[in-house]
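*Asks:* Below is a structure I'd like to ask you about.
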Protein chains: 2
Amino acid sequence: MKVDLRLYAILDPERTRGRNLADLARAAATGGATLVQYRDKHAGTRDLVARARAIKAALAGTGVPLLVNDRVDVALAAGADGVHVGQDDMDAADARRLLGPQAIIGVTLKTQAHLGELATLPVDYGCIGGVFATGSKDNPDPPVGLAGLARLVDSARGTRPGLPVGAIAGIDATNASAVIGAGADGIAVISALFMREDVEAAARKLRGIVDGALAARGATDAGR
Amino acid sequence: MKVDLRLYAILDPERTRGRNLADLARAAATGGATLVQYRDKHAGTRDLVARARAIKAALAGTGVPLLVNDRVDVALAAGADGVHVGQDDMDAADARRLLGPQAIIGVTLKTQAHLGELATLPVDYGCIGGVFATGSKDNPDPPVGLAGLARLVDSARGTRPGLPVGAIAGIDATNASAVIGAGADGIAVISALFMREDVEAAARKLRGIVDGALAARGATDAGR
């Protein structure tokens, strides 16, 4: 499935100011999020399933898919559309086998080694991690920055032409345009969306920036 | 499936003195364990799957099933025989839907409320928790003791005649016979098996005690 990564909204209960996850997901989708991920490293499985179901129900009719971070069991039980797997999570090939060909499976890419594996991974998108410094996740590695991002995106496109490639970590309204300018197909955001008072408005603004930057990049590419 | 709970060996990496999980599982099975569970609340999913696969491979040819605690995704990916779910884990009905009719699914029973739900749960066994004090798990509730165990087993049998019912928490060679005398079909052990120097010998001794107590109980029942 061709995944739309333009505004990838990642819901982490630790970064929501304690608000209802389903309400926030709906607000993000209404504002223009194109993909939602539920990421929760602390809740027990029973709560994970209940929350994922509530988020999935809140997204009904929006056309916005829901992915679950890491947990294939939760995705299956809640009827989510797929999973996002990091380097410590289930192998993408195992996840594909359990979820089937229709599921969306995405992977985090942080290094050239990860990009080397990308050739054979049964995934629908890649997301370059660690672009800028972030408070949303402990990250021992230094940020790759815009130049690093551009290199990694180029490398991913060389390995898997046509694969959507997003970017994550520290992305907000101030740098989203530059991220798209560096070659990403979209931005994954956590705090820049779900720590804001008005999530729908924040989504609308970010989506506008991404769409504008994609259009500008398209014009530049066409003019070459 | 009729599950044999006589000696239910629970492998938790925190209670193994750092030894290889697959080797320990094999030693337990050789000594007489009838069921093995892999329980790990800390490892990432990729490691969980790798370890579960190694344990499953070590049990090949023994006829001893492997269950995974809580994680249906890990059980599916590793080809384990089922899961054990506690009250914070996936609902047994969801687990059954994902694992299919052939899987073994067991549930922890600690209170009369849990026992009330047992009537409709699609499970293959119940395990009465909190029998004695234990160092293997934080447990805020006081132990139910032998009298409490006998009441809970009776209640479970009233709700689900024929369902195998085990017991867990603080069970070792000194009290295993009394646990069986109180009505349990078997004992679930962690430290009494996997913290011992010679796991195979510890399993053989525990299995002997259980078999002896079951035979004595059978003789008593028959003599009534």
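Any Cβ shown, glycine's included, is placed from N, Cα and C.
Nobody curates TrEMBL annotations by hand; they come from automatic prediction.
Copied straight from TrEMBL:
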- A:Gln37, A:Tyr38, A:Arg39, A:Asp40, A:Lys41, A:Asn69, A:Thr108, A:Lys137: 4-amino-2-methyl-5-(diphosphooxymethyl)pyrimidine binding site (BINDING)
- A:Asp70, A:Asp89: Mg(2+) binding site (BINDING)
- A:7-193: domain 'Thiamine phosphate synthase/TenI' (DOMAIN)
*Asks:* Filter the binding-site residues A:Tyr38, A:Lys41, A:Asn69, A:Asp70: retain a residue only if its CB is under 8 A from a CB of chain B. Output in sequence order; output 'none' if empty.
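*Replies:* Listed binding-site residues passing the 8 Å Cβ cut to B: A:Asp70.
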*Asks:* In the structure shown, which of the binding-site residues A:Arg39, A:Lys41 has the fewest other Cβ atoms within 10 Å?
*Replies:* A:Lys41
*Asks:* Indicate whether A:Asp89 (Mg(2+) binding site) is helix, strand or coil by DSSP.
*Replies:* coil
*Asks:* Drop a 10 Å sphere on every Cβ of the binding-site residues A:Asp40, A:Asp70, A:Asp89 and tell me which sphere holds the fewest other Cβ atoms.
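*Replies:* Ranked by other Cβ atoms within 10 Å, the binding-site residues A:Asp40, A:Asp70, A:Asp89 bottom out at A:Asp40.
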*Asks:* How far is it from A:Arg39 (4-amino-2-methyl-5-(diphosphooxymethyl)pyrimidine binding site) to A:Asp89 (Mg(2+) binding site), counting Cα to Cα, in Å?
*Replies:* 12
*Asks:* For the domain 'Thiamine phosphate synthase/TenI' (A:7-193), would you mind checking the mean pLDDT of the predicted model?
*Replies:* 94
*Asks:* Let's check the environment of A:Thr108 (4-amino-2-methyl-5-(diphosphooxymethyl)pyrimidine binding site): how many other CB atoms sit within 10 Å of its CB?
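*Replies:* Other Cβ atoms found within 10 Å: 20.
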*Asks:* If you run the three-state DSSP split on A:Asp70 (Mg(2+) binding site), which class comes out?
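*Replies:* Its secondary structure by DSSP: coil.
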*Asks:* Measuring Cα to Cα, how many Å separate A:Asp89 (Mg(2+) binding site) from A:Gln37 (4-amino-2-methyl-5-(diphosphooxymethyl)pyrimidine binding site)?
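*Replies:* A:Asp89 (Mg(2+) binding site) to A:Gln37 (4-amino-2-methyl-5-(diphosphooxymethyl)pyrimidine binding site), Cα-Cα distance: 15 Å.
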*Asks:* Tell me the Cα distance separating A:Asp40 (4-amino-2-methyl-5-(diphosphooxymethyl)pyrimidine binding site) from A:Asp70 (Mg(2+) binding site), rounded to the nearest angstrom.
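*Replies:* Each residue's Cα considered, A:Asp70 (Mg(2+) binding site) and A:Asp40 (4-amino-2-methyl-5-(diphosphooxymethyl)pyrimidine binding site) end up 9 Å apart.
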